[in-house]
Amino acid sequence: MMPISICFASFIFLFGLGWICCFLGVYLVLNDLVYFVDWGIVSLNGSSVIMTFLFDWMSLLFLGFVFIISSLVILYSDDYMSGDFNIFRFIMLVLMFVVSMMFLIISPNMISILLGWDGLGLVSYCLVIYYQNVSSYGAGMLTVLSNRIGDVALLMVIAWMINFGSWNFIYYLEFMAGSFEMELISFLVVLAAMTSSAQIPFSSWLPAAMAAPTPVSALVHSSTLVTAGVYLLIRFSPSFSCLLNTILLLVSALTMFMAGLGANFEYDLKKIIALSTLSQLGLMIMTVSVGLSSLAFFHLLTHALFKALLFMCAGGVIHSMGDSQDIRFMGGLSVYMPFTSSCLMVSSFALCGMPFLAGFYSSDFILEMISMSYVNVFGFLLLFISTGLTVCYSFRLFYFVLCGDFNFVSLYSMVDTNYNMVMGMVGLLVLSVLGGGALMWLICPTPSVICLPYYLSFLTFFFVSLGGFIGYEMAGFSFGDYLLSMYYYKVSSFSGSMWFMPFFSTYGVSFGPLGFGYSSMRVFDSGWMEYFGGQGLYWVLFNLGKVNQWVQHSSLKLFLGFFVMWVVLLFVLIY
């Protein structure tokens, strides 16, 4: 009898636990129930340490989705990481990641939220540097240091909440709304969420974190680390002031636009998908900022399903391409890898909002509700342009990956992925097709009446169609004219590098302190301080020693002169 592998055991446990959480969440939705569970950890001399857990429909549904997606990702990893000698360590890290996310989701207490938040940051660093090379190390440092800013913000929230007498923030959101303390706490929570969800100006760590193994990307960038910030914003949204919501709306709209534009100039398959994640995170945060928190949570769940599938398909393609991630080497994969290509198309169409797939129910609903809301024209235009850019880079991806001829080596063997990888993708494929409709019936049981004029109703369709057409056509353009090529190069270097944000986040932060340190070392340590300090004293004593040596160099007249001087001095002192 063969022993059960750790991947399969983890899959069975998490998959069952995930469905239990989902069914409990449905039960709480239908009966409108919320459970608080107080766990007394220790009680000593009248002082007790109590940990509180919050079980409502939101936390249980999100927890269920995290468990289900992580179980399918672990099943996928069984084949994808089969050649790795440290597979046990890898699965342990993934399980620690899931446990940290669980702490973050079910905690109404800032202390235990910080525990989960720090766990996510630490384990994500270990997973990003998993392949142990220089680029992974740089990406890991950028990831962990960006998220430390959020840690500091949460620590300041904990310090300010001492004024309330408790760290259970859930009790004070509406009661203390409008007070100076709550506004300050809300601002710090928004700062923490912006670092975790990679909003401008903290966006550069998200594409850099693609140095991690692909199963980690499927888990981290679909349902865990990047969505932790959005989940925190949804929880704290009742206490946000009008000014804070406006700032959040503008930052998230700019992030959406920047990520959508950057993905159209990117050639790395995983980075294109990471930028699409960044764009969707901007959409979720923008939805929170206009007061539609339930819709943001709805999109968070549906996005987790199809984005995890998209990363899994990318992993299968990269696996078959001999670890090459450049989409210019791909082409015609719909012939050689039909199942993976089908899953890639389904998940990409769900991302674009294709009717009756998972993404359609949430993203189309959000666009129509925002069209009915009071939103400034800048945010409104950026939202619809970013929607068009999403379809644009998806069709560009179809052109490079699925169409045309294969552009890699002449001798190749392209096959669809292994059994466990296929099973993991099938599970998410079913959820990506059916999950949106099921969640729509659960979260919005009463139909919303949306009343819009014709031009607003067809605006989404117009931008989606225009984006798809431009993306497919521009992918086949060849820029022959020299001036046009130079202009295209300038535009692509600016847009494709996320508006130079990675340079600002790395060189921009380190250049000033390192330059100041070099200048101070050159001027002080190796300059004036050395001249007046150790080396200067050495040369003074050295020259005095030379003079003394010259004076005492066997000169009879000097010896007699010194002798007479000392005799005279002694005579004066005595008499």
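Heads up, the Cβ atoms here are built off N, Cα and C, so glycines get one too.
Curation does not apply to TrEMBL; its annotations are automatic.
Listed in TrEMBL:
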{"type": "TRANSMEM", "residues": "7-30", "note": "transmembrane segment"}
{"type": "DOMAIN", "residues": "44-90", "note": "domain 'NADH-Ubiquinone oxidoreductase (complex I) chain 5 N-terminal'"}
{"type": "DOMAIN", "residues": "107-389", "note": "domain 'NADH:quinone oxidoreductase/Mrp antiporter transmembrane'"}
{"type": "TRANSMEM", "residues": "112-131", "note": "transmembrane segment"}
{"type": "TRANSMEM", "residues": "152-172", "note": "transmembrane segment"}
{"type": "TRANSMEM", "residues": "184-206", "note": "transmembrane segment"}
{"type": "TRANSMEM", "residues": "218-237", "note": "transmembrane segment"}
{"type": "TRANSMEM", "residues": "243-265", "note": "transmembrane segment"}
{"type": "TRANSMEM", "residues": "272-298", "note": "transmembrane segment"}
{"type": "TRANSMEM", "residues": "333-359", "note": "transmembrane segment"}
{"type": "TRANSMEM", "residues": "365-385", "note": "transmembrane segment"}
{"type": "DOMAIN", "residues": "393-574", "note": "domain 'NADH dehydrogenase subunit 5 C-terminal'"}
{"type": "TRANSMEM", "residues": "421-443", "note": "transmembrane segment"}
{"type": "TRANSMEM", "residues": "455-479", "note": "transmembrane segment"}
{"type": "TRANSMEM", "residues": "499-519", "note": "transmembrane segment"}
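Long-range neighbours of the transmembrane segment (7-30) within the same chain, counting only residues 6 or more positions beyond its ends whose Cβ lies under 8 Å from a Cβ of the stretch, are 55-61, 63-68, 70-72, 74-75, 77-78, 87, 91, 94-95, 98, 420, 442-443.
Non-local neighbours of the transmembrane segment (499-519) in the same chain are 138, 142, 146, 200-205, 207-208, 258, 262; each lies 6+ residues outside the stretch with a CB under 8 Å from one of its CB atoms. Sorting each residue of the domain 'NADH-Ubiquinone oxidoreductase (complex I) chain 5 N-terminal' (44-90) by its DSSP state yields 28 helix, 10 strand, 9 coil. Here the domain 'NADH dehydrogenase subunit 5 C-terminal' (393-574) returns a mean pLDDT of 79 for the predicted model.
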